[in-house]
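Following: one structure in structure tokens, then a few remarks.
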Amino acid sequence: MIYNFGAGPSVLPKEVLKKVQEELLDFEKSGMSVMEISHRSKAFQKVIDEAENDLRDLMSIPQNYKILFLQGGASSQFSMVPMNLAIGKKAYYNISGAFGEKAYDEAVKLSHFLDLMAISLGSTKKDNYNHLLKIDKSKIDEKNGAYLHLTTNNTIEGTSIFPENLPEFASLPLVADMSSNILAVDYDVSKFGLIYAGAQKNLGIAGLTIVIIREDLLNEAESLSSMMDYQILVENGSMYNTPPTFAIYVAGLVFKWVKAQGGVKKLEEMNQRKAQLLYDLIDQSDFYQNPIKNKDERSICNVVFTSPSQELDELFTQKAEEKGFKSLKGHRSVGGMRASIYNAFPLEGVVELVKFMKEFEEGYK
């Protein structure tokens, strides 16, 4: 049995893969693959409409929010967000992980050419991002602020800002990179001005980025780039140019699968259960360590851990691969191991990994 712990692209629900396989050569008796049909066809319009409606239902997205299906990966949003929201304003960044740092760096780069200010509220980098940054509201000028950007789940470092810990402001919008825990943790969309997420972790396959934006944040002023203008993209129903049709189709199937599992809250409960199995073993062990300082900040999607030495870490991932536990090697910037246990990852895979971890500890402690 193979268990894919990849951080993204990552495991997909078997039911979704089978449906893709079943329809690949003949989509809805059209005689064509879904990869071949026009994005302007009635058949594809139905696909994207259903995907949007299902996502709106799953996340209880209010009607005053627009949903976009875009290309470019979540990293493209590091530029699009300040270009659309921060002109003439101050953009604040909470840097608690490598991707938050990249988002801030991109805003700083844009500030050299555009009328905007990118302001870091601080960073936990000196501590290897092993905890989240506590936000000092006294540093924020809400009146002239565009937004506060944060990452809800740090895929590399294994930390999360859960719903109960989100900062609240009277008027400053929250912008969230939700790439690695969207649909895995139940967030109240109305708490955010804008949410974006790459699809290849919990939503489907690489090549698609979802953006959820509150209508009042759409910019009517002429922008630097039509392709990166939320207003234009909304007006064109995500079809200003040819969208990533196959990735949208797969995401739509994933949304239906999430509904069939009972929705986001049910999956969050299962994700907590899976993560707790690993954290319980790590906490009770003298062999394994989890570097996250505060237990209430531990991710339930990406569980990071180390053994007593780098040599043992390498041996662990090697032996794990031989046993069918794939992609457990930690990110190159952190080392150690990382078990990415997104929505589609089965509980039995975590149970089997825990057994293997116990056996490895017995053999090498």
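Using the three backbone atoms N, Cα and C, a Cβ is placed for every residue, glycine included.
Worth saying up front: this structure is predicted, and the values here are computed from it rather than measured.
Swiss-Prot annotations:
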- Arg40: L-glutamate binding site (BINDING)
- Ala74, Ser75, Phe99, Thr155, Asp177, Gln200, Asn241, Thr242: pyridoxal 5'-phosphate binding site (BINDING)
- Lys201: N6-(pyridoxal phosphate)lysine (MOD_RES)
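Between the binding-site residues Ser75, Gln200, Asn241, Thr242, Gln200 has the most other Cβ atoms inside 10 Å of its own Cβ, all protein chains included. When the neighbouring Cβ atoms lying within 10 Å are counted for each of the recorded positions (Arg40, Lys201), the highest count belongs to Lys201. Distance noted between the C-alpha atoms of Ser75 (pyridoxal 5'-phosphate binding site) and Arg40 (L-glutamate binding site) is 27 Å.
Among the residues the record lists as binding pyridoxal 5'-phosphate, namely Ala74, Ser75, Phe99, Thr155, Asp177, Gln200, Asn241, Thr242, the two farthest apart have Cα atoms separated by 30 Å. When each of the binding-site residues Ala74, Phe99, Thr155, Asp177 is scored by how many other Cβ atoms sit within 10 Å of its Cβ, Phe99 comes out lowest. Secondary structure at Ser75 (pyridoxal 5'-phosphate binding site), taken from DSSP and collapsed to helix, strand or coil, is helix. Cα to Cα, Asp177 (pyridoxal 5'-phosphate binding site) and Lys201 (N6-(pyridoxal phosphate)lysine) are separated by 13 Å.
Here Arg40 (L-glutamate binding site) is compared against the binding-site residues Thr155, Gln200, Asn241, and the shortest C-alpha distance is to Asn241. Phe99 (pyridoxal 5'-phosphate binding site) falls within a helix when secondary structure is assigned with DSSP.
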